[in-house]
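Visitor: From TrEMBL, here are the annotated features:
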type     : residues : note
ACT_SITE : Ser169   : active site
ACT_SITE : His196   : active site
ACT_SITE : Asp291   : active site
DOMAIN   : 14-130   : domain 'Response regulatory'
DOMAIN   : 157-349  : domain 'CheB-type methylesterase'
MOD_RES  : Asp64    : 4-aspartylphosphate
Amino acid sequence: MLTGMNEAEDRGVRVVVVDDSAFFRYELGSRLVRRGWQLVASVASGEEALKVVPLLQPDLVMMDVVMPGMGGMAAVRALRRRWPGLILMMSGQSDTGTAATWDALEAGANDFIPKPHADQTLDAMVRQIVDRYRALAPRGSEGPQPEKGTTFDKEPRTEGFKAIVIGASTGGPQALSFLLETIRLAPRIPVLIVQHMPSGFTRSFAERLADRLGYPVQESPPEGDMVPWDPPPVIVAAGGKHLRVSRQGAWSESGERLHGVIPSVDVTLSDAVSVFGRDLGVVILTGMGEDGAQGALAVHQRGGTVIAESRETALVWGMPRAVFEAGAADAVWPLGRISLWLRQVIQHGVPLR
């Protein structure tokens, strides 16, 4: 298991909570304090956050997405002009909340945490906050790393691929948007995106990508339905479901978490490598944890091609690092170089027959 800080190291984290609900601020703040964190400010609006955050210089800001007056997106954009620290958005799963979450990420927030709903608890949310902070907080070198822009053995091929799988977690929405927007080509082969994301967010993420790219991007359909390979689809794995693959197409399926996550990159890669073999290309982007490393190794061993994002552009060098350490990477590249490779792959792809 790849880990960042341990519990002793993250005690004393100085946090500001920004939310228009006094009750929510109290409940969240008290739980963080019980962990040993310091609640240095608790404020009800984006306007107040602009006053206290540059003054107090906290380690982390927890920012509600939808608030009266200055909302989360506007507050993040304004904060980024005067403070470079970590910002996690707190989002409900309404249409307004999910759309505003993507706006806030584009404005400079580091990541988002869904607010509890239904059978979820605030304690579970706190655990997610702690995990995100440990992944995102600046720290020293963590073991062996490849040289910048490393290619192993030979230059990865760019022709003859039949499908691409892209896996990502923390920082993934921003990286995926950049990667696909720089390509701007309707793909000749299927592109399957497995982004660690809860249910309620992936549909709006797919719609947002489609608006930006100018060609269809869809959330994987529910069990019982299937997206066929012709015409070649761009599919985002539905939150809370695994993305499964066969020779006929792709679909969502309920299942157990793997590596603590669902959807899991490894689940999709296990299917995809059996269908596409050496003609499968894999890109593992920023993210915490090890999901994707086992599947990437299987792809590499079958003669497929695996590209991992390098630490110089990855917001969290966890998943790409796991791929590198497993010996599964054909190249470890920054995001810009990955986009050049992916553009060529999509141009020269060969549809599955």
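Cβ from N, Cα, C; glycine included.
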Visitor: Please count the residues of the domain 'Response regulatory' (14-130) that DSSP assigns to helix (H, G, I), strand (E, B) and coil.
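Guide: So the domain 'Response regulatory' (14-130) is made up of 54 helix, 26 strand, 37 coil.
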Visitor: For the recorded positions listed here, Asp64, Ser169, His196, Asp291, which shows the highest count of neighbouring CB atoms within 10 A?
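Guide: Going through Asp64, Ser169, His196, Asp291 one by one, the largest Cβ count within 10 Å is at Asp291.
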Visitor: Round to the nearest Å and give the CA-to-CA distance linking the residue listed as '4-aspartylphosphate' with Ser169 (active site).
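Guide: Here the two Cα atoms lie 21 Å apart.
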Visitor: Any idea what the Cα distance is from Ser169 (active site) over to His196 (active site), rounded to a whole Å?
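Guide: Approximately 5 Å lies between the Cα of Ser169 (active site) and that of His196 (active site).
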